[in-house]
């Protein structure tokens, strides 16, 4: 009954609203007429008073005549304005009445059984022509709900099957004390930036030539990367400790190369500038090059790999914001460890070597590892690139905090590598890509050299701590070059179609990490008890 009475109630409501609007319009018109009548009465009163003044002035001098003529003009103008106002009011009344008639007519024919239900051409929301013209927030929320429900079930199932696998020695144990040589090596790494500073100071004071400075810098940077490698290879330490030391060593090496390259380039530019020109005028900076130890010390701890004498700085430190980010860092790090111990560790323990045996079994193991590896990688990205680097930038008042871009929207592998790690990308562009182009190398060759350098450092960070030199990481990074060519070709050919290229880089890296983590673990400790927290980051 309610559904059948709906059109009538709607029509009644519409008519009532129209009647109320008409009544308000009549009240508005009556108020306008009252205002106009009051204006006419006031004008008549003025005319009466003017006539009294003219009657009392018996002499009729020139001054009185001027007053009389001046007072008669407003009376005529007021009468004419009143006439014009009434005409305009009649026009407005006529237009409003026509509009009311149209509204009443439309309300009369609205919601009728014979009213047309299809008035124009429309596409279905999920059709190819309309799918990108609307918001999909509801579907996104539905996916989040399904994701939370499915993963909650998996967590409960895992706890029921394996129990609580995280022990007290996950973060720190007595065996961690055996890694003290790696700790001492890490603490001694600042020696190399200090040596590079002294070389730059000697060059600036003209005690040594540019060629000698280049030779000394090559020795310093080479020692900065070989020294940690030798320490790790001579010590049978935990893989996680070795990976941490190699990451620190690679960061120091990249910073040293940037410091040396930028300082050499600034000296060359200073010699080529005309008289009166300064470098600060081109770089919008107040500082000029001068081998400052303070700028080098700030650069070595700043969340950047590209050296410059000064950086954009913020005004103050938000202490409450830093505390909140530290709490998030602890929570997500613990969640990452939970995934490693509860999911990745049991899967690898109960699986064969992925490169030996049945191919279908290996594919099933890799796919089973891919999901927890993806979660670990996402947590690691969020913890390092968002939380840790922003905390460090806040404590150092470092202003440029573009540590990553929206790599999740990358359409090609090339876009993905350009956006997911901005500090390394800026270093590659500044110190490898553009120098190669300035020396006449084609763009493809410059990209190949950039990937070659990246592959070497990936191999060092994985093979050296694991004591396994199979070149898996090197081959995996170099395999990105044909993927770049392939995805660029597909993007150019199908650029107007539905774009799914943003999922390809993440899927590939997830599968590669899953296979490499399992392979590394089974190769080094096959048949032994192991802690997969040391291998899951491969």
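Glycine residues also receive a Cβ, built from the backbone N, Cα and C atoms like all the rest.
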Between 307-325, 326-344, 345-363, which stretch does TrEMBL give the note transmembrane segment?
326-344
Out of 95-116, 117-138, 139-160, 271-292, let me know the one TrEMBL marks transmembrane segment.
139-160
Result, the transmembrane segment (374-398) in contact with the transmembrane segment (180-199) (3+ CB pairs under 8 Å):
no
Taking the Cβ of residue 458 (active site) as the centre, count every other Cβ atom within 10 Å, in any protein chain shown.
18
Under 8 Å, at least 3 Cβ pairs, sequence separation 6 or more: does that hold for the transmembrane segment (211-233) versus the transmembrane segment (326-344)?
no
